[in-house]
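A.B. asks: Got a structure for you, written out below as structure tokens; questions coming shortly.
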Amino acid sequence: MKWLGLLGLVALSECLVTIPLMKVKSMRENLRENDILLDYLEKHPYRPTYKLLSGQQDPDVSFEPLRNYLDLAYIGIISIGTPPQEFKVVLDTGSADLWVPSIYCSSPACGKHNTFNPLLSSTFLVSGRPINIVYGSGRMSGFLAYDTVQIAGLVDVAQAFGLSLQEPGKFMEYAVFDGILGLSYPSLSFEGITPVFDNLWAQGLISQNLFAFYLSSKEERGSMLMLGGVDPSYYSGDLHWVPVSRPLYWQLAVDRISMNGEAIGCDSGCQGIVDTGTSLLIGPRDPVLNIQKIINAQHSHGGEYIIDCDTISTLPDIIFTIDGVDYPVPASAYIRKSSVHGCYSNFDESAAHESEPYEVWVLGDVFLRLYFTVFDRANNRIGLAPAV
């Protein structure tokens with residue numbers, strides 16, 4: 001049996017391609033420091049499932065309701081075109097499309113980011129097809145194009161991607177990243193588009209139809225996206241495999257959520273979305289408000305919940321029970337220390353809609369920094385193990 005386990009690790013690590021990730025200051029932190037966070041929160045309430053459950057009324061619009069940009073904190077470097085033009089992108093399991101700003105973008109935010117110039121690429125092809133992607137924070141409008149995308153030395157030929165002509169809101173000016181590279185299922189992408197990861201697999205550029213994230217909590221660098229394999233040195237113990245419950249997002253069934261031995265949400269089971277595109281733990285209003293009360297978090301005029309930093313060591317873990325296995329998240333993880341204003345709760349409430357058929361939680365970077373995560377497309381499952 002030990003040999004079988006060893007062979008499994010060797011198989012998972014075969015032909016591994018790694019992409020270093022940089023941890024950057026999130027837009028939330030930038031907005032807070034510029035005293036406009038409350039304005040953002042009032043204009044863009046977080047609603048993770050409403051648009052999908054209510055249906056996509058416009059076939060020419062791709063809805064990405066999970067994405068509100070606010071807490072995206074890990075970025076990687078890709079290039080597009082021949083010769084290559086470089087971009088900082090969020091590698092995001094909560095969306096499926098690739099887009100970057102174009103030189104034709106009229107939004108003020110585009111002036112503060114790298115923009116793609118089609119005139120400089122000999123491999124560029126334009127489709128002429130408009131593209132509109134609705135996020136939690138507004139609409140990205142632009143046009144669809146094709147070009148060579150390079151990621152960690154892998155050359156993805158004729159990749160479809162969006163070029164923005166307009167980006168949502170003045171808040172994007174405070175984003176450190178240029179664009180988004182989605183890693184969710186193709187069913188979430190703009191209609192008919194094959195996502196980057198699917199093209200890498202189809203073109204034989206990776207040896208296995210899976211990828212994995214290691215998000216370091218200790219330093220700016222050290223985080224990693226692994227394509228086509230898994231490096232077992234980044235986790236301890238064995239991977240626990242959980243089936244994807246709905247192959248749209250990377251979604252799984254959660255048995256229970258508890259603190260101090262008592263259920264605080266998900267009493268009859270619920271759904272969890274594993275999302276590298278947010279830093280927070282996000283759930284329905286009532287259980288999240290209950291958590292804020294348990295940890296004695298006080299609502300601030302800035303729209304967030306403040307906690308006395310001296311109490312962190314006394315606060316309980318929150319435990320997510322998934323497929324019979326407990327995944328504790330300690331207070332040191334669910335409370336963040338700000339360089340400016342003390343300590344804040346990393347719990348946030350979704351603007352849930354009464355038509356939603358089930359309770360949904362989003363397990364963001366707070367969770368993923370603790371648990372190495374494998375996204376296995378071949379078997380529609382997620383692997384979890386304690387990160388080292």
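Placed from the backbone N, Cα and C atoms, the Cβ positions cover glycine too.
Heads up, here are the entries from Swiss-Prot:
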type	residues	note
ACT_SITE	ASP92	active site
ACT_SITE	ASP275	active site
DISULFID	CYS105-CYS110	disulfide bond
DISULFID	CYS266-CYS270	disulfide bond
DISULFID	CYS309-CYS343	disulfide bond
DOMAIN	74-385	domain 'Peptidase A1'
SIGNAL	1-15	signal peptide
A.B. asks: In whole Å, how far is ASP275 (active site) from CYS309 (disulfide bond) when you measure between their Cα atoms?
C.D. replies: 27
A.B. asks: Limited to the domain 'Peptidase A1' (74-385), I'd like the whole-number average of pLDDT.
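C.D. replies: Here the predicted model's pLDDT, averaged over the domain 'Peptidase A1' (74-385), is 91.
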A.B. asks: Within the chain of CYS266 (disulfide bond), which residues six or more apart in sequence place their C-beta under 8 angstroms from its C-beta?
C.D. replies: VAL254, ASP255, ARG256, ILE257, PRO287, GLU359, TRP361
A.B. asks: Looking only at DSSP and grouping its letters into three states, which state does CYS309 (disulfide bond) belong to?
C.D. replies: helix
A.B. asks: So how many other Cβ atoms are close to ASP92 (active site), meaning within 10 Å of its Cβ?
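C.D. replies: For ASP92 (active site), the 10 Å Cβ neighbour count is 25.
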A.B. asks: Rounded to a whole angstrom, what is the C-alpha distance between ASP275 (active site) and ASP92 (active site)?
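C.D. replies: Rounded to a whole number, the Cα-Cα distance is 7 Å.
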A.B. asks: Among ASP92, CYS270, CYS343, these being the recorded positions, pick the one whose CA is nearest to that of CYS110 (disulfide bond).
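C.D. replies: Closest by Cα: ASP92.
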A.B. asks: Check the Cα-Cα distances from CYS343 (disulfide bond) to the recorded positions ASP92, CYS105, CYS270 and tell me which is shortest.
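C.D. replies: Closest by Cα distance to CYS343 (disulfide bond) among the recorded positions ASP92, CYS105, CYS270: ASP92.
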A.B. asks: Just jot down the residues in the same chain as CYS105 (disulfide bond), at least 6 apart in sequence, with C-beta under 8 A of its C-beta; none if empty.
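C.D. replies: In sequence order, THR115, GLY142, LEU163, SER164, LEU165, GLN166, GLU167 meet the Cβ cut-off.
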A.B. asks: How many whole Å apart are the CA atoms of CYS270 (disulfide bond) and ASP92 (active site)?
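C.D. replies: The separation of the Cα atoms works out to 22 Å.
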A.B. asks: Going by DSSP, is CYS343 (disulfide bond) part of a helix, a strand, or coil?
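C.D. replies: Strand, per DSSP.
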A.B. asks: For ASP275 (active site), what is the tally of other C-beta atoms lying within 10 angstroms of its C-beta?
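C.D. replies: There are 27 such Cβ atoms around ASP275 (active site).
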